[in-house]
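Participant: Grabbed the feature section from TrEMBL, which reads as follows:
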type: BINDING; residues: B:49, B:52, B:57, B:74; note: [4Fe-4S] cluster 1 binding site
type: BINDING; residues: B:137, B:141, B:147, B:181; note: [4Fe-4S] cluster 2 binding site
type: BINDING; residues: B:151, B:171, B:174, B:177; note: [4Fe-4S] cluster 3 binding site
type: DOMAIN; residues: B:32-91; note: domain '4Fe-4S'
type: DOMAIN; residues: B:162-191; note: domain '4Fe-4S ferredoxin-type'
type: DOMAIN; residues: B:206-236; note: domain '4Fe-4S ferredoxin-type'
type: REGION; residues: B:1-26; note: region 'Hydrophobic'
């Protein structure tokens, strides 16, 4: 019978090798504090935070060190007890150097979070919950890093009916959401209840890929019967965890091009985000650490770790041990993650995984790019039904304007499916990124 | 015979009717176009570069004939050709001084460290999107030559160290390189602006020098040496106030320890100060 009841899914997409077995059964362990933490003031989409501390000031773990500058911004909290050594430029994963707070950690300190206050979220009004979420500095922990409280407040005239909880984790190697669903189940359910009240949604659906059926079973057993929360398995397929794909899979709704998820009455939150909400809000704490999967063929002891925000990658990789010099270190998953050019880049709120790959086989590295043979594989892979083949040809001709105007380039969310399946090895996604970047600059 | 005559007569009549319709249409729907527009267009370079601010040479020719712009606004044309246009139209050539594109970076492969190797599409734009491209200095030139490719006039070439060089005589200040550079290193300047800071690094002192041997370390010597207010240090970078360009002199560059502030000569050569570190290395620095 199982054969006929396939898990829900969306059209197109790809099936990359998962590599999740490396860390799927590794419980979350605590990462020690690095000697110095680097906390960028802009770890989220929106305006950077404004520092509240001065150089030389001592801070206690959990203390606010930067405040939100406007509604689409979030504060930062001290990830450790220590002293502010400097406020200056630090390398970022994106490339340009950004303002950051350098925090020298006191290793003899007890590292207790003293900045907290018990409160009962059940008695808080929806607006109070939204304000509290902003105060906690919460952003989408799946990798988007969009401030969570902004998503809880839909634009005027829109009503959120369904809350989707994203536990897909479709990127290869990553298992942090899987472990959160297994180990922080109660915090997750508490977070979902708060998000339901804050958004006014009537029901919540947890979408989990069917390679994590243990998590689905565990969640179903733990969700109290009277709550409008269900856990559903969706097919293991990339990019199932993209907001619009998950909405399509679970609800059959399509978000209009250029629209928001609230246009179809849905808000999507990552399980990690909601687990943190459930954890932090009752104690009025701020986000100071997150679960990160450290994995990949170049890592000696891969695992899932609770990492203080601001831990430099160099320290993180030292702790897990490396098999020789890694060829490439990627923040996030290998499909959509960002390769970093410096190991001094810190773990930020958006980093769900650190994947260290071995140096590429030189023959592979120079895989020859052949002309497009119009096989149409990329059209079958594109989850939002664009025409990557045509877009690629236009990119070669530098017709970036036509790409945007006639072929909906702006809808592309750079999932990488087209480049993954291309038998001619055409780096399509990279072409699209060039085109989008140039179009942005030309304005 | 009669059939042939009918056919010929019919065709002749048809031809006459259609011809008279064309004559009427030609007279009644005639659009007068100044013949000078075609002539002026012939005198323009036909590069359609857009530097004048119009879509191409034809609209510019129309504006010239209508007296809306001065011929000197066309920077792609040679001075003598613009004079010919001005004489033809009986107007002043105008346009002022030539502007050229200037690159605010001197960090070629022999002086700027590469911290990570980028392997992908060989384009600055693509590399800049992958964690900044791997150069230690996140502000610096990546050296893949997007500007060289985009320049329609062949005014930019890449030197052996991977730094674009602008040939001032060929540069028309069309601004294509300004748009294409992902690090925003190009800007358009009057050719008389000879004092130039070839760096955009916002770090201070050793931090800046750690990534590049010719970086501006914000030591402030140029600001101290030059007359009041010509140079100021802002965000750890020397900024030249070109409104005071008249008082700019080589004094400012003399004590620069890295040679980040330069004097660009008319013939395209670059003069560094006497205290500037002499870099004799020709090959690329190792990746580290």
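Glycine is no exception: its Cβ is also placed from the backbone N, Cα and C atoms.
TrEMBL labels come from automatic prediction, so no person has curated them.
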Participant: Can you tell me the CA-to-CA distance separating residue B:49 ([4Fe-4S] cluster 1 binding site) and residue B:147 ([4Fe-4S] cluster 2 binding site), as a whole number of Å?
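Facilitator: If we compare the Cα positions of residue B:49 ([4Fe-4S] cluster 1 binding site) and residue B:147 ([4Fe-4S] cluster 2 binding site), the gap is 15 Å.
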Participant: Just the number: how many Å between the Cα atoms of residue B:171 ([4Fe-4S] cluster 3 binding site) and residue B:52 ([4Fe-4S] cluster 1 binding site)?
Facilitator: 13
Participant: Near residue B:181 ([4Fe-4S] cluster 2 binding site), how many other Cβ atoms are within 10 Å of its Cβ?
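Facilitator: The answer is 25.
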Participant: CA-CA, which of the binding-site residues B:57, B:74, B:181 lies nearest residue B:151 ([4Fe-4S] cluster 3 binding site)?
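Facilitator: Comparing Cα positions, the closest of these binding-site residues turns out to be B:181.
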Participant: I need the least crowded one of these binding-site residues (B:49, B:137, B:147, B:151), counting other C-beta atoms within 10 angstroms of each C-beta.
Facilitator: B:49
Participant: What is the nearest of the binding-site residues B:57, B:137, B:141 to residue B:177 ([4Fe-4S] cluster 3 binding site), using the Cα of each?
Facilitator: B:141
Participant: Please identify which of B:52, B:141, B:171 has the densest Cβ environment, defined as other Cβ atoms within 10 Å, among these binding-site residues.
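Facilitator: Buried the deepest by this measure is B:141.
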Participant: Taking the centroid of the Cβ atoms of B:49, B:52, B:57, B:74 ([4Fe-4S] cluster 1 site), which other same-chain residues have Cβ within 8 Å of it?
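Facilitator: Once B:49, B:52, B:57, B:74 are set aside, the remaining close residues are B:44, B:45, B:47, B:48, B:50, B:51, B:54, B:56, B:60, B:73, B:75, B:76, B:77, B:172.
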Participant: Going by Cα-Cα distance, which of the binding-site residues (B:52, B:74, B:174) sits nearest to residue B:141 ([4Fe-4S] cluster 2 binding site)?
Facilitator: B:174
Participant: CA-CA, which of the binding-site residues B:137, B:147, B:174 lies nearest residue B:57 ([4Fe-4S] cluster 1 binding site)?
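Facilitator: Going through B:137, B:147, B:174 one by one, the Cα closest to that of residue B:57 ([4Fe-4S] cluster 1 binding site) is B:174.
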Participant: So how many of the residues in the domain '4Fe-4S' (B:32-91) end up helix, strand or coil by DSSP?
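Facilitator: Secondary-structure composition of the domain '4Fe-4S' (B:32-91): 32 helix, 0 strand, 28 coil.
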Participant: How many neighbouring Cβ atoms, not counting its own, are there within 10 Å of the Cβ of residue B:174 ([4Fe-4S] cluster 3 binding site)?
Facilitator: 24
Participant: Tell me which of the binding-site residues B:52, B:74, B:174 ends up closest to residue B:137 ([4Fe-4S] cluster 2 binding site) in space, Cα to Cα.
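Facilitator: That would be B:174, the closest of B:52, B:74, B:174 to residue B:137 ([4Fe-4S] cluster 2 binding site).
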